[in-house]
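A.B. asks: Input: one structure, supplied below.
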Amino acid sequence: MKQQQQTPELFEDFHMPITLDVSNISAYSPFLVPQDHLGHSGVFMGMSAFMLFLFIAGTAINVLTIVCTIQYKKLRSHLNYILVNLAISNLWVSVFGSSVAFYAFYKKYFVFGPIGCKIEGFTSTIGGMVSLWSLAVVALERWLVICKPLGNFTFKTPHAIAGCILPWCMALAAGLPPLLGWSRYIPEGLQCSCGPDWYTTNNKFNNESYVMFLFCFCFAVPFSTIVFCYGQLLITLKLAAKAQADSASTQKAEREVTKMVVVMVFGFLICWGPYAIFAIWVVSNRGAPFDLRLATIPSCLCKASTVYNPVIYVLMNKQFRSCMMKMVFNKNIEEDEASSSSQVTQVSSVAPEK
């Protein structure tokens, strides 16, 4: 029992948060042997298939978004820069995260070793954080353009570029510390993908403070930004709809934008809510046992965002969708369907003047 309590200090590159009736826990290293003691082979194969789907679908839809934006000039608006940034970060996670997890789940252990774990953990964290902060920037930019809190402020190319650079800076601020000694990257969940150490406490890695830093800096702040900006946007649109009660198009825009905002906020919570809740629970319940299969879910939901975020922010955007249909299937969609009635970035035409 004494040896088990020292385990977090003895192993620099992994942690086994379950009790094993063995004298040599290193023999169960997730870098050396299949983790059959953590779950049935069917669980690993199912996760492998899921990661393969995320890799293929995530790569395809995000590459399509980038290529489509390059091909069609009308998509290269300042407000769409951040959507391309989101697609790049999603593609980053698909290539460096989902593909690695697919093979690791297939082998049932992290075959790429401790160094590979640090690389995969870092790259996945960077991609995830860029995606997270990009969603906050999307909300902020739409608030600035539609609600016009700065009066006659004009959103220009430098602002759009700054909005794309900001998420990468924030991501580096979140992803670099575990490489520098504040927390660490280790296998998580079923030990087939890597991320920050949520599990261990009271050690030299100071994981508790890092988890709280991530919760505040990378969840609470972006989420508060999203809720505030979209809340203000909805208020603005309701006022515009009330002022133009006889306009069917304005009423339709308000309804569709409201649905879009609900979907956006819900999508953010699905992606990052479980991670935030799980991390806080682990820190608040030090030493409490938990099912590693359940601990895999937050990571999977974050990787799955590479597919459902483009669906929310790109495919539900009629202008993007019409261009994609034309590029892939050579099929034209009627111009009125490609209008921006459901597109938050272009509903400023119904916003009241200030």
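The backbone N, Cα and C atoms fix where each Cβ goes, glycine too.
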A.B. asks: Say which of Cys192, Cys194, Cys216 is recorded by Swiss-Prot as the disulfide partner for Cys117.
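C.D. replies: According to the record, the bonded cysteine is Cys194.
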A.B. asks: Same topological domain, and so the same side of the membrane, for Gln35 and Val111 in Swiss-Prot?
C.D. replies: yes
A.B. asks: According to Swiss-Prot, one residue in Asn152, Asn207 is annotated as N-linked glycosylation site; name it.
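C.D. replies: Candidates were Asn152, Asn207; Swiss-Prot attaches N-linked glycosylation site to Asn207.
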A.B. asks: Could you give the Cα-Cα distance between Cys117 (disulfide bond) and Lys303 (N6-(retinylidene)lysine), in whole Å?
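C.D. replies: Spelling it out, the Cα of Cys117 (disulfide bond) and the Cα of Lys303 (N6-(retinylidene)lysine) are 16 Å apart.
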A.B. asks: By Cβ distance under 8 Å, which residues at least 6 away from the ends of the topological domain 'Extracellular' (107-120) in the same chain are close to it?
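C.D. replies: Same-chain contacts beyond the ends: 12-14, 30-36, 41, 44, 96-97, 100, 178-179, 185-187, 191-194.
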A.B. asks: Which one, from the disulfide-bonded residues Cys117, Cys194, has the smallest tally of other C-beta atoms lying within 10 Å of its C-beta?
C.D. replies: Cys117
A.B. asks: Any chance you could find the range in 81-106, 121-140, 260-283, 292-316 with the most Cβ pairs under 8 Å to the transmembrane segment (160-183)?
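C.D. replies: The listed stretch sharing the most Cβ pairs with the transmembrane segment (160-183) is 121-140.
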A.B. asks: Would the transmembrane segment (121-140) and the transmembrane segment (260-283) count as touching if the test is at least 3 Cβ pairs under 8 Å, pairs 6 or more apart?
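C.D. replies: With 3 or more qualifying Cβ pairs, these stretches touch.
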A.B. asks: Contact between the transmembrane segment (260-283) and the transmembrane segment (44-68) is defined here as three or more C-beta pairs under 8 Å separated by at least 6 residues; is that satisfied?
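C.D. replies: Contact between the transmembrane segment (260-283) and the transmembrane segment (44-68): absent, because fewer than 3 Cβ pairs are under 8 Å.
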A.B. asks: With an 8 Å cut-off on Cβ-Cβ distance and a minimum sequence separation of at least 6, pull the same-chain contacts of Lys303 (N6-(retinylidene)lysine), or say none.
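C.D. replies: Within the chain, Lys303 (N6-(retinylidene)lysine) has Cβ neighbours under 8 Å at Met51, Leu54, Gly58, Val93, Ser94, Gly97, Ser98, Ala101, Ser124.
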